[in-house]
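Below is one structure, written out as structure tokens; comments come after it.
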């Protein structure tokens, strides 16, 4: 079986064997495709109770036992399966209401299902349909049945349909559609065995002959009325109940959550509460971990190295002052990141985050963007890289470029670690509020820069009205919340750990190279090393912003590679640096940072801290984000974005410090 080339775009995992049948998951946004994909493969594609979660194609191996039960061993090689038919390659496609694309992610779905050569298309398509809004999903079924696809309908949201007085007769619906219908609940892993059996039976049947041939036939608008009539007939045959419109619990909540005034205030209050709870609850664990790594771990490493004759050598400096100090500082933020991911997963799974697009629609429209442009920006508060990919949900190429330029101004979780550290040092109990202020600053930067770019580069660009399918509110499940949170924490640690180890070693190497005579390798004051001299050369650039200390300047330079490395390199510098002769020992890392801001700002540390935080938020994104920008909008716009970020960061930081010093 030939491989599907389109599936190479951002795979979530490896597929099954080369000869395994390929099954595609398709359907409208927010019907549970990614949740079903995760349940069947054991992988962790991004899921959320909001539209536009999937903007790429993920693939994984769907393995099941002879009785159809999904194999619990997600890392096996298929040995538990009886034969090759017990193993499929499953593809998770971006959400699409039809095969008539309006955005790049929908184009990807059409390319795989229609425009690719017949031999390279999936062997079968599972259309995931929302039982509560059945007609929205069946138009896609109508189009697929006009091609060469074997189609199976997977019916989700049945509990929501019953609450709306809608009962679906799966047998009658299957007869009306002319294809199998399986009722399931992927969140509770119900009906998965039956789906495996039905898909296997569908594959055993010959490939259906196309009812229409060629792309023009599929795009023929004159057939729309016929398709809609077919959908209406199928819904009538397969459902019973009034389905009458009534005020649901979701409607009552949305009266406040999407209100023009109360909605934004509620959103800000919720986000403030998230940051306050995160910093307050995680603080004791952070303090304990900090003491653990700076005390017992460092002492144990020194003792072991001393016992094998490496004490006092450059090896001890690399391991204790480099790896332990740098990596240890990052690991102290694990409790905070874990709690943050849990709270955000709860908000997403509940359906609340989808309302953010509604309450920000008016704000987005001022910069020529639709409200759904806020969804990639929300993703950016987790990580800028997938947020750049999420711009594919926008149909206008100019809007995609603009949002790609604005995403780096959103405060990703890597920046969050620095916010929390400085907030704890300078604002103590108000650290959560300080973090919240920085997220407000991100929104301000996005709107401000977006407004300037729109009025200078895209004056004619307007925003189409917001059309979004708001999912019903639902009680988050512990299983899904834990899985999503753990996956994000793993991703953060996996990315950060590799970057941190390489960066720490590179920084230590530069700190070990002397630039003055009389010093040997690994036995040189940091300020006289290659690292320190380079940092001291750059530091004066930040003097107007109040943070011209060379240790801070060097951390910002390292941050060009990855923001996760800012804290580790900062901590590493202070760990290695010895007090000058006659100078007071300033104690731990926090005291040293506070003293540095105090001295470099001329006695105005608070304005200098805010200026530094602004610069960190706005200046050039990490290398991975730049690569994503280059891939999505081209090298020219990526370089342009770097220039804008540096200008906004420096000008804003100088303004904040120069004005702030008048009052603090």
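Here the Cβ of each residue, glycine as well, is placed from N, Cα and C on the backbone.
According to TrEMBL, the domain 'FeoB-type G' annotation covers 20-205. The feature GTP binding site is assigned by TrEMBL to 27-34, 52-56, 92-95. The annotation Mg(2+) binding site is assigned in TrEMBL to 38, 39, 41, 42. Taken from TrEMBL, the feature transmembrane segment applies to 265-285, 297-315, 322-347, 373-394, 401-427, 433-453, 492-513, 608-628, 637-659.
A map of TrEMBL features onto the structure.
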| residue | record | DSSP (3 states) |
| --- | --- | --- |
| 27 | GTP binding site | strand |
| 33 | GTP binding site | helix |
| 38 | Mg(2+) binding site | helix |
| 94 | GTP binding site | coil |
If you measure between the CA atoms of residue 39 (Mg(2+) binding site) and residue 94 (GTP binding site) and round to the nearest Å, you get 17
Whole-Å Cα distance, residue 94 (GTP binding site) to residue 42 (Mg(2+) binding site), is 19
The answer for the transmembrane segment (322-347), taking Cβ pairs under 8 Å and residues 6+ beyond its ends, is 270, 274, 277-279, 281-282, 285-286, 289-290, 293-294, 297-298, 301, 353, 382, 413, 416-417, 420, 476, 480-482, 484-485, 488-489, 492-493, 496-497, 500-501, 503-505, 507-508, 564, 567-572, 575-576, 589
Counting Cβ pairs closer than 8 Å to the transmembrane segment (265-285), the top stretch among 401-427, 433-453, 608-628 is 433-453
Cα of residue 27 (GTP binding site) to Cα of residue 41 (Mg(2+) binding site), in Å and rounded, measures 18
With pairs closer than 6 in sequence left out, are the transmembrane segment (492-513) and the transmembrane segment (373-394) joined by 3 or more CB pairs under 8 Å?
-> no
Around the Cβ of residue 42 (Mg(2+) binding site), other Cβ atoms within 10 Å, all chains included, total 19
Per the Cβ under 8 Å criterion, with at least 6 residues separating them from its ends, the transmembrane segment (492-513) contacts 314, 317-318, 321-323, 326-327, 330, 334, 337, 413-414, 521-522, 524, 526, 529-532, 534, 554, 558, 561-562, 564-565, 568-569, 572-573, 576, 624
Listed stretches 401-427, 433-453, 637-659 vs the transmembrane segment (608-628), most Cβ pairs under 8 Å: range 637-659
Mean pLDDT across the domain 'FeoB-type G' (20-205) comes out at 76
Taking all protein chains shown into account, the Cβ-based neighbour count within 10 Å for residue 30 (GTP binding site) is 23
Cα of residue 38 (Mg(2+) binding site) to Cα of residue 30 (GTP binding site), in Å and rounded, measures 14
